[in-house]
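Quick notes on the structure that follows.
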Amino acid sequence: MSLLDIADLRVNYGQIEALKGISLTVSKREIIAILGANGAGKTTLMRTISGLLLPRSGTIHFDGVGITKLGADRIVRRGIAQSPEGRRVFGTLTVLENLRLGGFTRPHGEIAGSLDFVMSMFPRLAERRGQFAGTLSGGEQQMLAIGRALMAKPRLLLLDEPSLGLAPIIVQAIFRSLRQIARTGVTVLLVEQNARMALKLADRGYVLEVGRIVLTGEADTLLGSSEIQTAYLGGERSDGASLLS
Amino acid sequence: MDAKLKPLSQSVSIKGDTLFSRRIGLKGARRIAGGLWVLGLFVPALFDNAWISIAAIFAIYGIVALSEDIILGRAGMFDMGHAGYFGIGAYVTAILNVTFGWPIFATIPFAILVSAGVGALLAAPLIRLRGDYLLVATIGFNAIFVLAMRNNLGGITGGSGGITDIGVPFLFGFQLASQSAMFWLDWVVLGIVLVLMRNLDASEFGRTLRYLKQDELASTTLGVDSRMVKTLAFAIGAGLAGLAGTLFAVQISTVSPSSFVFTESVTLFAIVIVGGQGSIPGVLLGTALMFILPQIFRDFAQYRYLIFGFAMIAVMVLRPQGLWPQRSVRA
């Protein structure tokens, strides 16, 4: 049974149509990667799922319940948490406080257990628990953003560009942690420009281009496909034709 | 006083945040503030009537400025119509007292509720407006309020002359008619408001406001209902301004539209920005600069706005965080 079901989603910014009829499904315990270049609509899709944007039409169902018009805070309470693009940790709060804040929607008593879980996933955060988030490195901030989202104990974790601006070695560490997190039973929907990393982690992938899904399939298949090779993985273009068109 | 402080420091260590707990020497600062407040009680014994009324006006505008700070400084919403809520409170008291013969104290809950209600009603549709758009919309509200009062809305606001001969409050059979008694009333209410502000800072709601101000998107993704929190901030800020309105009506014994015009809102806005957003001592310092200093240099009183204008420019250039900033945001 699918955990997340999106049908013909259309989202506008004023006159500009950012998503032009997106349909996708995410099953329980799956890791799904959404690939695409800048401006493809990846972040728009994330923000619409999490309730920060209202779609013009189309529906979003989570665990069989329509959440299309729910406010962002309600959606968090239903079990969808996100690590937003650009991390957006609270720089003037400590690591620990940022994490506690992630449990905003939950009873105080339940937070300790999640805190232990996050610290075990990201030992680095345990080391730096008393440090102000603003003084962390980019990679540590990304870990904190993911950890903070996990504090809401989500069934679906949305990750918006976790590799953004990070050194390859850090990205690898973060993706290793993501795999571990997914093994605990959290379903992951990941938006990435780093197609190779994302597809290595994911079960399935969707390729987004100017608001439309142009390609979908098993991650391994996508990784091997010539379109992906040329468009995202720096492979040779044989025909010189425009990408994925 | 110590006993009262205890639960607060506990809450800081259990679930507080460093935005707050980093206020080193908090207890000491509180003692000084409490001491100053007690000293203030002796103003009537030490000064003449003119100065007592100046101190009373300081207390009243201090409350209004603190209430503006909830919306502007703590929630980060550009409210440039705050004199309107202040006016609603004053008019509610004036109308209920003069027209319907209610005792002053009985009008207080209504002054608060009507102002808070208007604040919330107004906020609900405006809340999604960003910075400058919200600012313009609140100016519109202020203008409508003043116009409505001038045009004798419903025949009960008295037109541009306003409402005169507002009664004096009675407390346990005593008439609070003297300048000193009224000052004490204002001073006690200021004290209560200060305690409320302190509790707001330490409360979950207060912290939520800070998170929202710092990063609304991040807060929302963590489950903060930003609409609700912002509307509530507007309602609380407006309600407190309404309370100050009652005190103002009693102090001046007259309410008229000219006391609540747009420039008054600008003054309140400036007090918060110049004094220090989210800082209780900063806001009170700003209020003192605006309402007490001109009395000391009475010969220059006509230059009040000129001097304050230059002060605003200087502060914004040299000290954008305000004269006495919130300690937490320094680090």
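Placement of Cβ uses the backbone N, Cα and C atoms for every residue, glycine included.
Annotated transmembrane segment per TrEMBL: B:51-71 (among others), in sequence order.
Feature annotation from TrEMBL assigns transmembrane segment to B:83-102 (among others).
The annotation transmembrane segment is assigned in TrEMBL to B:108-126 (among others). Counting residues 6+ beyond its ends, the transmembrane segment (B:108-126) has Cβ neighbours under 8 Å at 84-86, 88-90, 92-93, 96, 134, 137-138, 141, 227, 230-232, 234-243, 245-246 in the same chain.
Annotated transmembrane segment per TrEMBL: B:133-150 (among others), in sequence order.
Here TrEMBL flags B:170-197 (among others) as transmembrane segment. With a cut-off of 8 Å between Cβ atoms, the residues of this chain six or more beyond the transmembrane segment (B:170-197) that come close are 33, 37, 40-41, 43-44, 49, 52-53, 55-56, 59-60, 62-63, 66-67, 70, 103-105, 240, 243-244, 247, 250-251, 280.
Remote same-chain partners of the transmembrane segment (B:232-254), defined as residues 6 or more beyond its termini with a Cβ less than 8 Å from a stretch Cβ, comprise 53, 56-57, 59-61, 63-64, 66-71, 74-75, 77, 79, 82, 85-94, 97, 104, 107-108, 111-120, 122-123, 127, 162-166, 168-169, 182, 185-186, 189, 193, 196, 200, 205, 209. Under the heading transmembrane segment, TrEMBL lists B:232-254 (among others).
Annotated transmembrane segment per TrEMBL: B:266-293 (among others), in sequence order.
Beyond the ends of the transmembrane segment (B:305-324), by six or more residues, the same chain brings 267, 270, 273-277, 279, 281-282, 285-286, 289-290, 330 to within a C-beta distance below 8 angstroms of the stretch. Taken from TrEMBL, the feature transmembrane segment covers B:305-324 (among others).
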